[in-house]
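Data block below; observations after.
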Amino acid sequence: MASTTTCTRFTDEYQLFEELGKGAFSVVRRCMKIPTGQEYAAKIINTKKLSARDHQKLEREARICRLLKHPNIVRLHDSISEEGFHYLVFDLVTGGELFEDIVAREYYSEADASHCIQQILESVNHCHLNGIVHRDLKPENLLLASKSKGAAVKLADFGLAIEVQGDQQAWFGFAGTPGYLSPEVLRKDPYGKPVDMWACGVILYILLVGYPPFWDEDQHRLYQQIKAGAYDFPSPEWDTVTPEAKDLINKMLTINPAKRITASEALKHPWICQRSTVASMMHRQETVDCLKKFNARRKLKGAILTTMLATRNFSAAKSLLKKPDGVKESTESSNTTIEDEDVKARKQEIIKVTEQLIEAINNGDFEAYTKICDPGLTAFEPEALGNLVEGMDFHRFYFENALSKSNKPIHTIILNPHVHLVGDDAACIAYIRLTQYMDGSGMPKTMQSEETRVWHRRDGKWQNVHFHRSGSPTVPIKPPCIPNGKENFSGGTSLWQNI
């Protein structure tokens, strides 16, 4: 049974042996539990190199792996924290990658492909039943329990996996491996369990012919193919594949996630559950030959990436491997895992909450405003005559005496927002704020101010803790005195833009 231990040192219970693999800030080594002599694989994470957000991801991975107990999933047996290191103790799987095993076989048929994808679907179905979305299904994460003939396929690496409630669809960030990304992720739409089924469709396609359904050296063109669902079954290699196999692929590679087949439904598909009578038993030598080339290509790219990450500072390596928009270069597009929510999604979150705050101001909704602002909010603004304003009373005055009593339409635009993320729970946004309104004579007016807001996240909610506004104060409502019977808007207080 998996357990979290902090009181017992890993070195007291386990003996370490040779290295099995290496990541950016982790290494996997064979180990033995001293009291029992049982062998495992220990993933050793150097926690000194992790940010607070990386720590959260590590905790999430351990939590998810403890939950999943299935014959087709690599099992987590122990999770141990020490000073500077965290140890995840997994099953020792010795059979290597599924795709490497296939090319070494003397005989490989459509029925064998059906058996492979069935085991993958069993693992995915178990994940989905437990509210887990893997998000990174690909050949590198499909291992064999041993080198014995007929060894079980094991799904590995839950580093990108997320927890969802039921059939929840939400934006969990841009994460996965380019060739296996679903259309909804590429469109930045809310997503959920169906992303795993899309990846299963890509994997099944490769299992049958040895090459992927979507491929282009240019990543932009690759993504366009995926979003359009632009794949086909070309001759002659697909001529010998049964219609039932193609039907299952079509159901998996359905662009609309709501109409995409689920894991439980796929397991009931005739090509899976009636394999002996439906799937072809003909040996597919061309598939094996193509798969050898496919394996060689992804292994070369994987080796290049590993070398770069192992020989450079990790954050520097990440920046070298990424384009300005946070997406990896196309030379790594076939098998490089990417996770981009740390930048784009978090910045968008800050812009969105800033817009919500301004909407509360425009609506004169002080209650909504106070929910978004810290009670000790500080501010510099022209109306405070250079003084630092602290607390909500200064702002309450305008809400109660002007904003809530105004029924004039107001429209605000945020121009050129720039967000700086300061750690995991703080951010700063600078922007130009344009406010359009109708003056007392019915003429349209526009006010401009330059604003900076500092946000802090507490208990999962962003709160505005400070803002600084510059610009000349102007009054969008009728002042108390109108000399010569004319309205004067040259001075006074900006009742919409002072908060």
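Placed from the backbone N, Cα and C atoms, the Cβ positions cover glycine too.
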Among Thr331, Thr446, residue that the record in Swiss-Prot marks as phosphothreonine: Thr331
Ser109, Ser146, Ser315 - the residue Swiss-Prot records as phosphoserine: Ser315
Residue carrying phosphothreonine as stated in Swiss-Prot, selected out of Thr11, Thr287, Thr378: Thr287
Other parts of the chain folded back onto the region 'Autoinhibitory domain' (283-292), taken as Cβ under 8 Å at six or more residues beyond its ends: 99, 102-103, 105, 107-110, 206-211, 237, 240
Where Asp136 (active site, proton acceptor) sits in the secondary structure, as DSSP reduces it to three classes: coil
